[in-house]
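So that you can see what the record holds, here are the features copied from Swiss-Prot:
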{"type": "ACT_SITE", "residues": "E120", "note": "active site"}
{"type": "BINDING", "residues": "D21, D119", "note": "Mg(2+) binding site"}
{"type": "DOMAIN", "residues": "17-201", "note": "domain 'UmuC'"}
{"type": "SITE", "residues": "F26", "note": "site 'Substrate discrimination'"}
Amino acid sequence: MMPASNPKKNSSERRIVFHVDMDSFFASVEVRERPELKNLPVIVGSDPKGGSGRGVVSTCSYEARKYGIHSAMPISQAYRFCPDAVFLPVNMKLYAGVSAGVMEILRGFAEKFQQVSVDEAYLIPGSGVRNFEEAALYALRIKDEVQRQQKITCSVGVGPNKLVSKIASGFQKPDGLTVVRPEDVRDFLFPLPVSRIPGVGEKTEETLKKMGINRVEELANCDVQMLSEKLGKMGFRLKQLANGLDFEELVEKESVKSISRHGTFAEDTDDPVKVSGSLDLLIESVHGSLMKHSFLFKTITLTVRFEDFSTYTRSRTLSIWTSDVFVIKRTAMQLLSEFTGRRKFRLVGVGVTKLRERDERQTLITDFP
């Protein structure tokens, strides 16, 4: 354990950090726009085409989740699970506009603010919130204001650091509020599966299970040298997190040089539908970030990793700057074609670089229908 005199620890213990996470964001926005969809299973993603469509689920309503449907599921499988669901295409322009409105509300409640995606953000309130009792009331005000102005719900986690507040926000979804005081952090974290710790993906979870580590408490109490031997530097970091120690500060704005997303398949696959569908979802996420930041790009990069862990990247630079999602899709699929039919894929990723802020006075060719 770090010494009590460590200034970072003292700062972390004094902090009250909020994590605000919109509930089933894309689907909730669609229901807001079309109230007749309320209480129906709504799935946002690719066209299912009678169960033979390509692509994956972007998000779905909580009613759809009752059928076992979840994000990143192949859209054809979602159709088989619930053929009567309402399937809608991704409308990133609509979601980006709502996101901007939500984030503006949250900034009004924050002394420090960090948006981390189109539908979630961290904030630290001002000095008027002096303890966790006041923080709970403050969180209710945030939730009420988002509901009043945007007509959608969010879940809020409150804790002494980013780690705890992030996990807490997912505890009572949808429309939830979970407050974890510093003295309750271990009681809150220890019963959880290790997969709830950020950074513990499927492969890391598998490694930990082979070590006999299934719950956060077991990770917290594991010998750090043993963890380091199995996981390298990440082992020490995971032990810290399992003990509720997170000294990461909120970063209000960083200079963005690139935007990328990657995803690892649950099982290595050579199924072109799964590969292209997952890539399509990653592209939509990249494009959402582009729109959020009002960026144009000039270079598209594809990353693939095969079952033997060999990794390759391919890039293509355009002659003009653009923000067109179809340019990303067309280029990425062309780059992907070089690798299809070789081996099983373990990971795919896509990114854009050579970014610049869009001048709103400009009119791009892609702005016209």
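Start at 1 and count along the chain as shown; that gives each residue its number.
Every residue, even glycine, has its Cβ placed from backbone N, Cα and C.
Of all Cβ atoms in the protein chains displayed, 28 besides its own lie within 10 Å of the Cβ of F26 (site 'Substrate discrimination').
Between D21 (Mg(2+) binding site) and the residue listed as 'active site', the C-alpha separation comes to 4 Å. Residue density at D21 (Mg(2+) binding site): 22 other Cβ atoms are found within 10 A of its Cβ, drawing on all protein chains shown. DSSP gives D119 (Mg(2+) binding site) a coil state; it is part of no helix or strand. Counting only the Cα atoms, the space from F26 (site 'Substrate discrimination') to the residue listed as 'active site' is about 12 angstrom. Fewest other C-beta atoms within 10 Å: among the recorded positions D119, E120, that description fits E120.
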